[in-house]
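See structure below.
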Amino acid sequence: MADQEDVAFDKVLEVVGNDGKFQKVFNHFYNVGLVCFASMAYMNIVMTLNEPNHSCYVPGKENFSLSDETWKNLTLPTEKDNRGVESISSCKMYNISNFIDKPVENWNFTEADKIECAYGYDYDKTWYKRTVVSDEDWVCNKTLYQTNTFVFHRIGEIVGTFVFGQLGDTIGRKPVFYVSSVIIIVGRIMTTLTPSIYFLFAIASACSMLTSMSIFLSPLIIAMETSKEEDRAHIAMMQCIGWTLGMCIMPLTFWAVGDWVWFLMITTLPIGLFALYPKYMIESPRWLATKRHLERCANELNRIAKINGKKVEVTVKMLEEMLPDLKVENVFGIASLFTGWRLAKNTCMIIVCWSTAVLTYFVLILNSTRMGGNPFLSFMWQSLIEFPAYVLGRWIGDRLGRRFTNAFSFLSISLTCIPIILIVQDASNEYFSLALVVFVKFCCSITFFAVNLQSMEIYPTCLRQSGISIGSICANSLGVFGPYVVYLGTKYDVRYPYMIICVLCFLGFVCALFLPETLHHKLPNTLHEAQKFGKQQKFWALPQKPVEVEEDELKSLKTKQ
């Protein structure tokens with residue numbers, strides 16, 4: 001759509017209602033309710049792959065009158081953990097076969113007596129009754145099974161986002177939503193059936209992530225394209241709230257259930273309920289208009305009008321009169337995002353910001369499950385901090401703009417990582433370190449909100465889902481290394497993840513500064529509009545709300561009814 005057609009279509013939306021019952025129910029049902037369960041389905045594998053505290057099982061204790069703790073101290077060597085603290089080894093034991101006939105007071109082991117766990121493992125069941133890790137012994141020499149599963153997840157998400165992101169702009173948001181729901185549910189069911197064969201488990205895990213991004217994007221984009229401009233930040237915040245609700249409920253669910261199989265089912269299957277309630281799931285009329293499907297567009301607009309209680313009927317003839325110059329634009333999928341210097345630059349900057357935000361968030365999530373104490377409450381508290389972050393992110397974003405909100409959140413993360421690096425190894429500073437990490441998560445949530453909103457507002461209607469998809473593809477390509485970043489911190493030095501986050505977020509800060517401001521600007525609809533978006537903006541200028549346009553065209557439209 002050219003600018004005049006864009007304004008005309010916005011007027012049509014005003015007539016049928018762009019802030020009525022339909023928008024409110026749609027957002028609460030899909031962008032909060034659905035997203036709550038979709039976020040759990042997205043992240044539940046993280047908790048099922050948690051590694052409980054464990055040590056080698058050494059048989060023979062029943063032959064001696066010793067407590068469990070004394071037996072472990074006697075038969076297990078000590079080693080330094082990732083904080084440099086001496087503790088009982090998780091993966092080594094002493095070979096007691098040469099000492100079993102001697103009194104325990106004469107047992108004197110040397111370095112040569114250390115061996116790998118030969119009889120299996122003892123798992124601490126304080127928090128977990130069953131995880132896939134404890135069921136299949138994916139610890140010690142199989143620890144990378146956990147890490148590699150996360151990598152398969154990211155690969156599945158990359159492939160699926162590439163395919164389904166473009167399909168959303170080709171065949172529509174609505175069919176992609178339904179396909180996404182089915183694939184996620186089937187993939188998670190297959191995951192619970194295949195852990196004994198790791199290759200099949202990894203493939204099933206990857207398949208379950210093929211549509212993990214599109215199930216979020218489809219309802220979000222439909223909401224953006226059927227609502228008034230002033231509500232865009234609010235809609236994005238609602239989806240973020242839905243995400244955070246899921247992140248808070250999910251660990252408590254696992255804590256209550258204790259079994260990873262039931263946990264996966266409980267946090268995945270409810271997605272199907274949203275697919276079975278089609279009343280409010282429409283195709284985006286704005287997308288239909290750009291594809292020149294005017295009859296379907298009129299039907300969907302009338303559907304919105306009916307739910308909103310508007311006594312109006314939009315016809316194909318009316319749309320043809322209001323959008324006379326509208327032509328189906330030739331686009332070439334993701335490749336079109338790199339046509340023209342300005343659009344290519346914006347795309348690259350968003351990719352860097354998106355990748356940095358996702359990697360930082362993912363590393364913090366994985367780290368939170370490996371902290372001491374109650375892992376469920378730790379996960380929940382770090383998730384709860386996202387609520388005020390999203391509210392503050394929306395408030396700042398609607399006043400200072402998306403660009404400065406994004407940039408200074410990145411800078412805050414980078415600067416906060418410096419004291420974390422300096423003190424995190426000292427156990428006496430554990431609570432102070434945790435407070436700083438929570439603040440990093442707070443800033444990361446603001447950044448995540450801002451870059452997500454910018455992605456929605458910078459790309460044109462004909463490429464909106466493809467544009468967001470390329471950001472997700474690149475973010476998950478970098479995210480493949482996230483589990484290994486956490487692995488470095490877990491196995492070698494706890495400071496490494498924060499060093500990496502510090503550098504990457506400073507890069508994100510620089511890139512965010514060079515994105516155009518989107519506050520108070522119309523969503524670009526055509527490739528041509530996106531190629532010149534932000535051209536007249538000044539670098540240091542704050543966004544100004546435009547003067548209200550005349551309502552002559554709206555009155556003219558109402559006269560036709």
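Using N, Cα and C of the backbone, Cβ positions are placed for all residues, glycine too.
Source: prediction; values computed, not measured.
What TrEMBL records for this protein:
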type     : residues : note
TRANSMEM : 28-47    : transmembrane segment
DOMAIN   : 87-520   : domain 'Major facilitator superfamily (MFS) profile'
TRANSMEM : 175-191  : transmembrane segment
TRANSMEM : 197-223  : transmembrane segment
TRANSMEM : 235-254  : transmembrane segment
TRANSMEM : 260-277  : transmembrane segment
TRANSMEM : 348-367  : transmembrane segment
TRANSMEM : 379-397  : transmembrane segment
TRANSMEM : 404-425  : transmembrane segment
TRANSMEM : 431-455  : transmembrane segment
TRANSMEM : 467-490  : transmembrane segment
TRANSMEM : 496-515  : transmembrane segment
Note = Contact count check, CB pairs under 8 angstroms to the transmembrane segment (28-47), set 175-191, 235-254, 260-277, 404-425, 431-455; argmax is 235-254
Remark   = Lying 6 or more residues past either end of the transmembrane segment (431-455) yet within Cβ distance under 8 Å of it, the residues of that chain are 232-233, 236-237, 240, 350, 353-354, 357-358, 360-361, 364, 367, 371, 381-382, 385-386, 388-390, 392-394, 396-397, 402-403, 405-406, 409-410, 412-413, 416-417, 419-420, 423-424, 467-468, 471, 501, 508, 512, 515, 518
Contact yes or no, the transmembrane segment (197-223) and the transmembrane segment (467-490), 3+ Cβ pairs under 8 Å, gap 6+ = yes
Task = Report, as numbers and ranges, which residues of the same chain sit near the transmembrane segment (348-367): CB under 8 Å and 6 or more residues beyond its ends.
result = 43, 46, 150, 379, 382, 406, 410, 413, 437, 440-441, 444-445, 447-448, 451, 454-455, 458, 467, 470-472, 474-479, 481-483, 485-486, 489, 497, 500-501, 504-505, 507-508, 511-512, 514-515
